[in-house]
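What TrEMBL says about this protein:
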type	residues	note
BINDING	A:Asp27, A:Asp73, A:Asp221	Mg(2+) 3 binding site
BINDING	A:Asp27, A:Thr42, A:Asp73	Mg(2+) 4 binding site
BINDING	A:Thr43, A:Asp44, A:Asp121	Mg(2+) 1 binding site
BINDING	A:Asp44, A:Asp73	Mg(2+) 2 binding site
BINDING	A:His51, A:Glu272, A:Phe328	substrate binding site
BINDING	A:Tyr103, A:Gly120, A:Asp121, A:Arg146, A:Ser223	ATP binding site
BINDING	A:Asp224	Mg(2+) 5 binding site
DOMAIN	A:25-138	domain 'PurM-like N-terminal'
DOMAIN	A:150-307	domain 'PurM-like C-terminal'
There are 2 protein chains.
Amino acid sequence: MLVKEIGEQGLLAIVQRFCPPEMVGDDAAILSVPRDESLVITTDMLVDNVHFSDRTTSPFDVGWRSATVNLSDLAAMGAFPLGITVALGITGDQPVAWVEQLYQGLTTCLNQYNTPIMGGDICRSSVTCISITAFGSVNPDLAIKRSVARPGDVIVVTGYHGDSRGGLELLLHPELQTQLTANQRLSLIQAHQRPQPRLDVLPKLQTLLASQPSTAIAGMDSSDGLADAIVQICRASQVGAQVQRCQIPISEALQTLLPPQQALEWPLYGGEDFQLVLCLPGDLAQLLVQQLGTAASIIGEITSHPNILLIDDAEPSTVEELSLSRGFQHFLS
Amino acid sequence: MLVKEIGEQGLLAIVQRFCPPEMVGDDAAILSVPRDESLVITTDMLVDNVHFSDRTTSPFDVGWRSATVNLSDLAAMGAFPLGITVALGITGDQPVAWVEQLYQGLTTCLNQYNTPIMGGDICRSSVTCISITAFGSVNPDLAIKRSVARPGDVIVVTGYHGDSRGGLELLLHPELQTQLTANQRLSLIQAHQRPQPRLDVLPKLQTLLASQPSTAIAGMDSSDGLADAIVQICRASQVGAQVQRCQIPISEALQTLLPPQQALEWPLYGGEDFQLVLCLPGDLAQLLVQQLGTAASIIGEITSHPNILLIDDAEPSTVEELSLSRGFQHFLS
């Protein structure tokens, strides 16, 4: 059955099954924000054949990833999610089952964090596009901002980078998998299809900050790549950084898939890993990395000198400057 | 200059000029919600050649209308706006000036209500689409809901219906304007291109409710037509209605443009007038209509019998049942 055969009202009835009944059916949703907390808002649009394609992403995974993109932005502000809205532009020739699977993917990801779909919009479009706005709340004293990194802070990553790009490559070129174990293959594809927002990091950070309440934590998520995250934080904070090449955690699966020089390209510029990149005092950072375990790592430090350098203690002559220009940019091709 | 020539970062730099600098540049925007008020959230997507076209709508007006669509949904909940986010999917071949004019239209409408653009997203798309999410706040005791209309309530409309549809017709068929004065022509086109959300009604309602604090007011906006609004309220409240055909206020311009029988079709089913349709006790309704002045009117009453009837005291034999089926529905054509 196609979308155009059941019409807007028919489609709305299906979609509303994925929303708490008390929240939809009016002109807008009503929600209370915890007292003394600030509201945090983020929005992202995903477009067919730009952000996803039938070749590499099932409708379930489009939904899952759409949820993660937005929840990851909340996590990057230190905020816990309250709900999301979903605006869907869709062609009449899309199967109704595609829409149902999209919402199943969305809600399966959201349910892990007790986050409801609080409303939305559905309309006809010549290309399928999904626009999600996510709302969260944060104690304003604990908000993570890009602009508060200070010289002397160390840089922490919360997990592996590059695996999502590796998973995409396996989906596009299945012949590459021969060297990988089944588990390695699965872990890379999972990183691409079902990334998790790092909301689990927030309670650990809060506990650590309870002992040093006036510490500002800088950070953002690495949705556009690790290099982009570091550069954006440095720009916003008007500082520089030194990143130790050999400290960047790279999964065994990715190391198996790629020759060594290429194995750093994807972690830095691949994007869509949805890890957090945080800048904080070294003592707190060490405690955080211990608590997070696997793959979390201190990869460098913030400097007052504005250059953002990738250095390699083993090869001191190969200093590289990190830049935004190698990451993914819309419109340039 | 085209969008693809300046790229995503170039476009973001232009768009950020329309946002308060303290609100953008991080992963998400932070906002405080007035204490003891609830957050109200609504989202709408507009797609090129579905909701607007270069033939009838300038980019400035696309922006203006996008803002109104969302602020009108807030007004329909009794909520005052706090801010909006804008996600824009755009083709690389669109002129950069188109995007600038879009944001000029958005901000010109929003500035009337001191409402900032708090963030957003820009991405490549094969069709231009704009998804806006608006946030407002409301005292939960004063929220307007669809589901609380009661038999005996009267139905108030806050202004003329059908003018937006009339303005669209004039833009599509300029030869129709011969019978109209220049002012009439302008008022219809203005109703289509620059509709105003009826946020001005809310302070008047609040003042009236201060004298009768436990009165529930039902309502919604008439973005999908007057008939749709009445039917949706009746369904949500499990009541019926009797609407007096001759009480529906129709502008002189629309009456001049159309033969009498057609002059009711557009007010009922034309849509996009963005008026409020409210159900409340008769004494309050009369005071409200007096305060609103021109074109506000009591057009009928809520009944316990579930039928939704359009009646005409002059011709008691021509009772008509209002339905959703004649309004605009996406996907059905």
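Cβ coordinates come from backbone N, Cα and C, glycine included.
Locations of recorded TrEMBL features on the structure.
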{"residue": "A:Asp27", "record": "Mg(2+) 3 binding site", "DSSP class": "coil"}
{"residue": "A:Thr43", "record": "Mg(2+) 1 binding site", "DSSP class": "strand"}
{"residue": "A:His51", "record": "substrate binding site", "DSSP class": "coil"}
{"residue": "A:Asp73", "record": "Mg(2+) 3 binding site", "DSSP class": "helix"}
{"residue": "A:Gly120", "record": "ATP binding site", "DSSP class": "strand"}
{"residue": "A:Arg146", "record": "ATP binding site", "DSSP class": "helix"}
{"residue": "A:Asp221", "record": "Mg(2+) 3 binding site", "DSSP class": "strand"}
{"residue": "A:Glu272", "record": "substrate binding site", "DSSP class": "coil"}
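In sequence order, the binding-site residues from A:His51, A:Tyr103, A:Arg146, A:Asp224 that place a Cβ under 8 angstroms from a chain B Cβ are A:His51, A:Arg146. Candidates A:Asp27, A:His51, A:Asp73 (binding-site residues) were compared with A:Thr42 (Mg(2+) 4 binding site); those inside 10 Å Cα-Cα are A:Asp73. Only A:Asp73, of the binding-site residues A:Asp73, A:Gly120, A:Arg146, A:Ser223, have a C-alpha within 10 angstroms of the C-alpha of A:Thr43 (Mg(2+) 1 binding site).
Over all protein chains present, the Cβ of A:His51 (substrate binding site) has 21 other Cβ atoms lying within 10 Å. With respect to their backbone Cα atoms, A:Arg146 (ATP binding site) and A:Asp221 (Mg(2+) 3 binding site) stand 10 Å from each other. Of all the binding-site residues listed here (A:Thr42, A:Thr43, A:Ser223), it is A:Ser223 whose C-beta has the fewest other C-beta atoms within 10 angstroms. Distance from the CA of the residue listed as 'Mg(2+) 5 binding site' to the CA of A:His51 (substrate binding site) is 12 Å. Neighbour density around each Cβ, counted as other Cβ atoms within 10 Å, peaks among the binding-site residues A:Asp73, A:Asp224, A:Glu272 at A:Asp73. Distance from the CA of A:Asp44 (Mg(2+) 1 binding site) to the CA of A:Asp221 (Mg(2+) 3 binding site) is 14 Å. Nearest Cα neighbour of A:Asp73 (Mg(2+) 3 binding site) among the listed binding-site residues (A:Tyr103, A:Asp121, A:Ser223, A:Asp224): A:Ser223. Its Cβ placed at the centre, A:Arg146 (ATP binding site) has 22 other Cβ atoms within 10 Å.
A:Asp44 (Mg(2+) 1 binding site) sits 13 Å from the residue listed as 'Mg(2+) 5 binding site', taking the C-alpha atoms as the reference points.
The secondary structure of A:Tyr103 (ATP binding site), as reduced to three states from DSSP, is helical.
Cα of A:Ser223 (ATP binding site) to Cα of A:Asp27 (Mg(2+) 3 binding site): a span of 33 Å. Across the domain 'PurM-like N-terminal' (A:25-138), mean pLDDT in this model comes to 93. Within 10 Å of the C-beta atom of A:Gly120 (ATP binding site) sit 28 other C-beta atoms, taking all shown protein chains into account.
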